[in-house]
Amino acid sequence: GYYGAITLGNPPQEFNVVFDTGSADLWVVSSKCATIDICYNHRKFITSASKSYEVNEEEDPIDVWYGTGHISARLGHDTVSLADGALQIKNQIVADATILSRDFIGSPFDGIFGLGLEDLSSSPTYSPPFYSMMEQGVLHEPLFAIYTQANTGEIDFGGIDPSRYKGSIHYVDVIDNRFWMVEMESFDYNGMQQRKSGRRRNVIIDSGTTLIITTPDDAMAIHSVIPGALNNGDSTWSIPCHHVDDLPDLLLTLGGKTLAISPHNYVIRPTGHASSMCLSGISGQILAEDEEDDEDDDQEETWILGDVFMKQFYTVFDVGKNRIGFAEAN
């Protein structure tokens with residue numbers, strides 16, 4: 001996963017946060033965290049030390065649930081700064097988390113900076129941080145773009161960095177009012193083309209998710225044509241590392257254009273060299289919303305395109321025009 005530094009308050013307190021397009025809340029670990037063993041290795045927000053902090057007495061604490069993990073947090077307002085103070089958001093709603101689930105115990109970040117759409121926020125009375133940037137006029141354009149590679153990355157707030165991609169940007173309209181979701185016309189893996197035939201597939205572009213998450217059936221179909229692929233029993237798959245160079249691209253057609261994901265991006269090499277097996281970057285899971293759907297053939301089958309996908313494509317999140325852009329990353 002990818003995270004970066006922000007500061008909160010006056011004088012500023014620094015925190016590492018995940019810039020997450022799959023959620024819309026801004027929170028950091030509280031100095032009053034009750035789950036002490038989980039909070040131990042995280043930097044904590046001392047609200048009493050900030051001259052600009054104001055507690056929000058009118059709002060109840062919030063609970064935020066993620067695909068993995070959840071938090072409970074108090075709400076307040078304070079100044080948020082990014083990019084060494086180049087971007088500053090005044091009077092931003094900030095949650096300081098007093099309870100964290102055990103999923104966060106070993107995480108190298110101290111909170112999450114939600115970049116999802118406005119209706120995804122847990123506190124709908126207040127604007128998520130990117131919307132506050134737009135309202136306060138600190139951006140040139142109402143968009144941001146994400147560039148990530150194996151050991152580096154950047155977010156461009158309010159503009160696009162042409163040095164980070166090649167060719168042109170292909171834009172696709174967003175079809176949801178909470179998630180950065182677009183329609184996928186088809187996907188193809190090794191000639192096993194799956195087109196829309198009564199069952200729609202949509203994809204959510206989520207920088208807070210590591211893998212590409214498909215439906216369990218789609219993951220099974222993809223891995224069934226990979227020699228030696230093993231189901232790990234926890235929704236993930238393993239692939240013999242010596243096959244990686246010979247694997248085909250995963251082809252996704254979005255907005256009439258086919259994007260090709262290289263096996264060197266959708267297969268994750270082990271950190272040690274002893275293992276002969278690599279982790280597949282394609283996982284099969286049933287998303288919570290799909291579980292609530294009926295058995296109708298027209299139900300939507302949603303994928304999530306996480307960091308495995310975004311490493312290959314410079315991705316533009318255009319709030320102003322309600323669209324997402326993709327270009328081959330340099």
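The backbone N, Cα and C atoms fix where each Cβ goes, glycine too.
Owing to the predicted nature of the structure, the values given are computational and were not obtained by experimental measurement.
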Message = In TrEMBL's disulfide listing, Cys39 is paired with one of Cys33, Cys241. Which one?
response = Cys33
Task = Quick one: of the recorded positions Cys33, Cys39, Asp206, which has its CA closest to the CA of Asp20 (active site)?
result = Asp206
Inquiry  = Using a Cβ cut-off under 8 Å and a sequence separation of 6 or more, which residues in the same chain sit near Cys39 (disulfide bond)?
reply    = Val29, Ser30, Cys33, Leu100
